[in-house]
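Colleague: First the structure, then my questions, so here it is.
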Amino acid sequence: MEFSEHIKTANVEDVVLRQPLHPPGRGTLCITGHHLLFSDREEGSCRQVLLLLRNIDAIEKSVENLLTYSSLFSNAGLSQRLSGSSGTITIKCKDLRVFQLDIPGMEECLNIARSIETLSCLDIVSEMYPFFYRPSNASLRDQCGLSSPERHYSQMKELHDRWRLSTVNRDFSVCPSYPQAVIVPKSTDDDMLEKVAKFRQGGRFPVLCYYHKKNGMVIMRSSQPLMGANRKRCREDEQLLLAVIDGSDKGYIIDTRSSQQALQAQMTGGGFESKSCYSSWKRLQRQMERGKALQESLIKLVEACGDESNNMDRWLSKLENSKWLSHVQTALSTAGLVAECVERDGHSVLVHGSEGTDSTLLISTLAQLIMDPGCRTLEGFLTLLEREWIQAGHPFQKRCAHSAYSHARLQQESPVFLLLLDCVWQLWQQFPLALGFSETLLLRLSTEAYVSDYGTFLCNNQQERCALGVKENTHCLFQALLRPGERDCYSNPLYEHTELAIWPSVHPQSLHLWRGFFLRWTPQTHHLEEAQEEIRNMVIEWGKLALS
Amino acid sequence: MEHIRLPKVDNVRLLDRVSPRKSRVGTLYLTATHTIFVENEAGVRNETWVLHSLVCSLEKQAATASGCSLLIHCKNFQVLNFVIPRERECHDVHLSLQRLSQPERPEELYCFSYKPNVDSEERRQEWDFLDLRADYRRMGLPNSLWKLSSVNQHYKVSDTYPADLFVPESATPPIIVGSSKFRSRGRFPTLSYYSKENHAAICRSSQPLSGFSARCLEDEQMLEAILRSNPRSDFMYVVDTRPKLNAIANRAAGKGYENEDNYSNIKFQFIGIENIHVMRNSQQKMMEVCELRSPSMSDFLEGLESSGWLKHIKAVLDAGIFIAKAVAEEGVSVLVHCSDGWDRTAQVCSVACVLLDPHYRTLRGLMILIEKDWISFGHKFSHRCNHLQGDPKEVSPVIDQFLECVWQLMEQFPCAFEFNARFLITIHSHIYSCQYGNFIGNNQRERIELGLREKTHSLWSYLWKNQADYINPLYRPDHSQTQGLLRPSTAPYCFKFWRALYNRFDRGMHPRQSVEDYLSAIREETQQLEEQLASHKQKIAQLEQEQEWSIPEKAVPFDKSPTGWTLCNDLANTPQDYTGGFFTSSPCQPKAPITLQTEESNKTSELNLSNGSDQESGIADVSCRSPLSEDSTRDPDSDEAAYSAS
């Protein structure tokens, strides 16, 4: 394997590993093409740490003072090694863990550091670990994924009157970031769709993403229309949207940009649906932070959480300054607005921003969680993520290339998916009985989106996944999470189905820092985990008795 | 009754704090004890009750076309905004309430007119429910090191101390009296907590009258005696909970702090908790933030920061941790004082006790702790809570901070406390409500003079009788979190804003489902099921024995669907009224039968603090306005002209 050329030193003995929540350990460090393996050689313990190199977001190396190294372990057998030099590598992971490795031998240390630096950043998808991961309890012949657009459509019988499944994108030529099949109004034929696609950025023409059974209203999503400075129109686009609200007096367009941003977009070829051409649609604007600003917000918050100054004022001002909670607030209130339009006001909604692959998906997903009880079970939620994020073409590879610690120059990284998980956690806080999954699931997903044994979050869209054979050559995370053993720890023991919408409160007093994620590696979280375990045990005990 | 100028006003509007467009129209009644607002809507009888003693401030605003607005702030953080049609009426209501909410004489306090149906024998039992001496016995006192001193019988040595005090075995009355003369208000060093395991003790006092150079032999002997009562330790800590600067300033007034050179083997330490005035202003600032109509996230966080409130909470907790660690880990005794030794000292000693001793984390334990470190040692409840018309500069939320420290600890250790947050909030309400005699007066002597035991009722037995409402379902006496010393983190991110207290009446902000209620219901049911199971097993065994006939297991008549459970489910799924406006709350009622709401609306019980019969749990959410509202956002199309012109 060509990885070997990046590995000069594969094994080092007598390495000291320091990691959160554990006492330091001494043992052997191994580097392989995909992993960093540490095995503890202390007497009486055989702890192992296996870390995917891809999880490493940043690495810092320094030549340590020998005294600190030797004072930690004053056991015998060490003195002879002290004659050499040593170094320390600090590893900061995408799941926010920070490791420190004290490596005897300057050269070994530098070699290891170099290997980590190179191997953690390799971005050839087909060489990533999911293509090599072969768990014994699963076969690649198992069905990949939980659902498909075809299945989704065929299950939704009530759609069939007015909506059809179009395969105009079967070879990804109409819209490279859409799946092969999408749901559109019955009255629009494929020729029309091709024309509409040309009028929407990236070909993302309006498609159905949610059908509200109670009143037949829908949520559509798309990218911005390419009206440009000379106010181009597209009859087919107008017709398509008209067909969406067929029989109703109006619909709402939720634009996730400010008016200013929308106008600016128009200058550069993008734009918005003008009142004159789309007279039955009312446009509402909710500015959502995106892209780089969101990434910077995450970086600031993570930095604030690592601040050890123990100063209350400083913490609160850093928390405020990161703006992360403001983004959570905006996302939840915009999703609430969409749900309100559909459920309360009884009108259909089209959501878009500019590209329609980030905040658009965030909003449509949250709105569905608020309204649709089917999305709130463990399967339902994972299916929703598969449909609204994987199939709908959220560019995971670009957005999750780096996380909060990376020193690399920001390119297209943006923690939109993380923001979604945070918002879902806020919902879970406010409705602890209404969601069928646990915080553990959200935490697991927060890591898997960045680094994974599974192929689910690889690539940017279905087209890329097809080209690389992701489906055929990797395992599916969502299926793994639903296996009997795993399922238990990802489901919410308190879950109880409710048909009703769960309207979140978006008052600042109601939104909290997601400690489970941002302070995951601090000892305080441990007591809260114990409490969760206590809850699970209570429910299990009660369940046993009630069934006996 | 002579203070009520106007007993009834019709057509009064009660504005919703979050969305003022939503208001309720009804009739306002003034009674001797309560302000009652009854909504006139056919079919529903929505009542809001506010106890006069809970009214903190009244603000009458200028009259407008729609009427004259009266803003009422309550000590339990409820805010009510009434609009009264005529200015004259508003004026009368304002004046009446002003007088009613500020009694001039103790006899006017609500506790003297509050008469639940209890005979005098029961009343005596109520007051005997908690016995401080029993708590000292639990600590292992008196013993060979500490004795009960009768020196303060009839409050002769210190009129703000209790009659019963524990002092070191070697402290003779002359030493005590001498020491008391060298301490503010005669509050000499005396025992607050004693650790059986290692003999370390927490003692408390007021500041010494040391000025720049004064000494007192008896006071030095007193500290020496305290040190000697801890045979395994060769020094003790003296903790001054004030910022150093404040302590130095006190020296000029002939007060001050201990000089390490004059006292043998003491380690002196400043801790830096701010005084009552800073705390009062801080809470006021925080409440302003809580009452903002629709703050952005930044407004809220900036406001919270600039109030400094969490910083002060952290300071109190930090001090408590210092003392608890000294006692539990080092086995060293600590003497704690501030200026008078009844505010910061009470906070810090009681926080340390909660950290140290699992007993104080139980229902009964917290009550006894408040009884001991706050009530008996003379925290000036009447002044601090402004029960009677008095000096506003004496008011300060010192006890609020203690309750909040306990809450912050509960958030960090969810399984370590027998009680829940509702327990703390109920205690908080009644500290201010004056419904019970416990928190009336400034010290024991005053309480005896007022005859509170004979004329009023005790909160503690009320709480004990209703303990089912206050139990934390996650508490297990044998859980690892429950054991021994609590070691909380005081990293700033561990401190949270206590929404359930400070925004208690803004229902829309609270989680719509309660895990706690669910678990309590489960717990209760599990117990019932276990009992049933046991009794069935017994019956089977009996039958088998008697008839030598074995029942097939299936035949056990066991109710598989948990009773009450399914019933509650139906209730939970009742569709709610959404016409109240966009974005009202979720319909999801906690399925467990006990909810705060039912507790509050249960008017037959004596909890008449402020009746939350407001059944509409939802609130319109400002940041998620109706899509139809004018202020949603402008359509850029409307700027079209401007745009094409440019």
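Even glycines carry a Cβ here, placed using N, Cα and C.
Pulled from TrEMBL, these are the listed features:
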type: DOMAIN; residues: B:126-502; note: domain 'Myotubularin phosphatase'
type: BINDING; residues: B:Asn275, B:Ile276, B:Cys338, B:Ser339, B:Asp340, B:Gly341, B:Trp342, B:Asp343, B:Arg344; note: substrate binding site
type: DOMAIN; residues: B:307-351; note: domain 'Tyrosine specific protein phosphatases'
type: ACT_SITE; residues: B:Cys338; note: active site, phosphocysteine intermediate
type: COILED; residues: B:512-546; note: coiled coil
type: REGION; residues: B:600-646; note: region 'Disordered'
type: COMPBIAS; residues: B:600-616; note: compositional bias 'Polar residues'
Colleague: I need to check the long-range neighbours of the domain 'Tyrosine specific protein phosphatases' (B:307-351): which residues 6 or more away from its ends have a CB within less than 8 Å of a CB in the stretch?
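Modeller: Sequence-remote neighbours of the domain 'Tyrosine specific protein phosphatases' (B:307-351) are 160, 183-185, 187, 189, 192-193, 195, 198-207, 223, 226-227, 229-230, 232-233, 235-242, 246, 250, 255, 266, 269, 271-276, 278-279, 282-283, 285-286, 288-289, 360, 369-370, 373-374, 377-380, 384, 396, 398, 401-402, 404-406, 408-409, 484-486, 488, 490, 492, 495, 497.
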Colleague: Within 10 Å of its Cβ, which one of these binding-site residues (B:Asn275, B:Asp340, B:Trp342) has the largest number of other Cβ atoms?
Modeller: B:Trp342
Colleague: Hey, what's the Cβ neighbour count for B:Cys338 (substrate binding site) at 10 Å?
Modeller: 27
Colleague: Centre the Cβ atoms of B:Asn275, B:Ile276, B:Cys338, B:Ser339, B:Asp340, B:Gly341, B:Trp342, B:Asp343, B:Arg344, go out 8 Å, and tell me which other residues of that chain have a Cβ in range of the substrate site.
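Modeller: Neighbours within 8 Å of the Cβ centroid, excluding B:Asn275, B:Ile276, B:Cys338, B:Ser339, B:Asp340, B:Gly341, B:Trp342, B:Asp343, B:Arg344: B:Thr241, B:Arg242, B:Thr345, B:Val398.
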Colleague: Between any two of B:Asn275, B:Ile276, B:Cys338, B:Ser339, B:Asp340, B:Gly341, B:Trp342, B:Asp343, B:Arg344, the residues recorded as binding substrate, what is the biggest Cα to Cα distance in Å?
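Modeller: Looking at B:Asn275, B:Ile276, B:Cys338, B:Ser339, B:Asp340, B:Gly341, B:Trp342, B:Asp343, B:Arg344 as a set, their Cα atoms extend up to 12 Å apart.
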Colleague: Give the residue counts of the domain 'Tyrosine specific protein phosphatases' (B:307-351) per reduced DSSP state, in the order helix, strand, coil.
Modeller: 31 helix, 4 strand, 10 coil
Colleague: Might you list, by sequence position, any residue in that chain lying six or more from B:Arg344 (substrate binding site) with a Cβ less than 8 Å away from its Cβ?
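Modeller: Long-range Cβ contacts: B:Thr241, B:Arg242, B:Ile273, B:Asn275, B:Val316, B:Ala319, B:Cys338, B:Val398.
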Colleague: For the domain 'Tyrosine specific protein phosphatases' (B:307-351), would you mind checking the mean pLDDT of the predicted model?
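Modeller: Across the residues of the domain 'Tyrosine specific protein phosphatases' (B:307-351) the model's pLDDT averages 97 on the 0 to 100 scale.
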Colleague: Can you tell me the three-state DSSP label for B:Asn275 (substrate binding site)?
Modeller: coil
